[in-house]
Amino acid sequence: MAEKSVFNLLLLLHLLVLFATGGNSDLIFYFENTCLETLWLASSPSDRGLDPTIEPGALEIYFMSDPWSGSLWVRTKCTTDLSGHFSCETGDCGSGEQDCQGGLPKYPITELNFNIQNNVVSYELSLIHGHNNIAVRIEPTGGSLIAGGSGPCPVVDCVEDISNICPAPLVAKNKNGVYVGCYNPCDVLHDPKYCKANEYSERFKQLCKFAHTFPGDNSPPLYKCSGATSYNITFCPV
């Protein structure tokens with residue numbers, strides 16, 4: 001019953017926003033943070049003032065530009081020092097501010113990649129630049145596949161604890177020596193053999209079978225969804 005009430009509330013908010021904006025054609029993205037910590041969104045390239053801060057328990061409603069192609073990720077353990085410089089342990093883009101749109105991220109990060117064109121969306125969850133210790137799920141509402149398979153647009157996620165299998169050479173630590181994420185070997189071992197299928201990518205795939213774990217990974221195929229009414233992106237899904 002509670003789930004139905006939440007769905008009805010989201011639908012009402014969706015309709016109100018569409019009415020207020022004159023029914024623009026941009027896509028609705030719901031960002032939900034069910035983690036116990038504040039997260040900060042980032043995007044590359046920029047997408048019109050994406051609100052960076054998502055408090056624990058918050059649900060943010062956002063209109064993604066159509067067309068738009070790029071990556072989203074979250075930054076973790078962010079602080080502001082005495083000089084006012086803002087920085088994060090993972091995903092930092094060097095802006096020195098909470099807003100982080102268009103910059104290059106500090107690895108490791110879990111990337112959410114989208115290509116949006118006329119309400120047709122290609123989407124993937126990528127560990128090609130590592131995993132920043134935050135579980136994530138992308139769930140389209142409605143729609144059907146026009147590439148990467150057939151039928152309804154599937155959920156993709158990575159919800160298992162990568163820290164349990166992260167090999168020592170790939171462990172990312174903060175200044176206090178605490179684990180904050182797991183690098184992809186292609187980024188840190190500087191050996192071409194790790195930029196294709198390898199023993200580390202196989203470990204990641206065992207836990208996160210819907211994620212792409214090395215450059216050129218096409219399992220699962222890149223999903224292309226048409227007609228979804230929204231995309232629900234949940235951090236630390238339960």
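Glycine is treated like the rest: Cβ placed from N, Cα and C.
Between Cys153 and the candidates Cys78, Cys88, Cys93, Cys225, TrEMBL records the disulphide pairing with Cys225.
The record in TrEMBL lists a disulphide bond between Cys208 and one of Cys100, Cys158, Cys166, namely Cys158.
Bond annotation: of Cys100, Cys166, Cys236, only Cys166 is listed by TrEMBL as forming a disulfide with Cys182.
Annotated pair Cys236 (disulfide bond) and Cys158 (disulfide bond), C-alpha to C-alpha distance, rounded: 9 Å. With Cys186 (disulfide bond) as the anchor, the candidate disulfide-bonded residues are Cys78, Cys88, Cys166, Cys208, and the one with the nearest CA is Cys166. The shortest Cα-Cα distance between Cys93 (disulfide bond) and any of the disulfide-bonded residues Cys153, Cys158, Cys166, Cys182, Cys208 is the one to Cys182. It is Cys100 that, of the disulfide-bonded residues Cys100, Cys208, Cys225, has its Cβ surrounded by the most other Cβ atoms within 10 Å.
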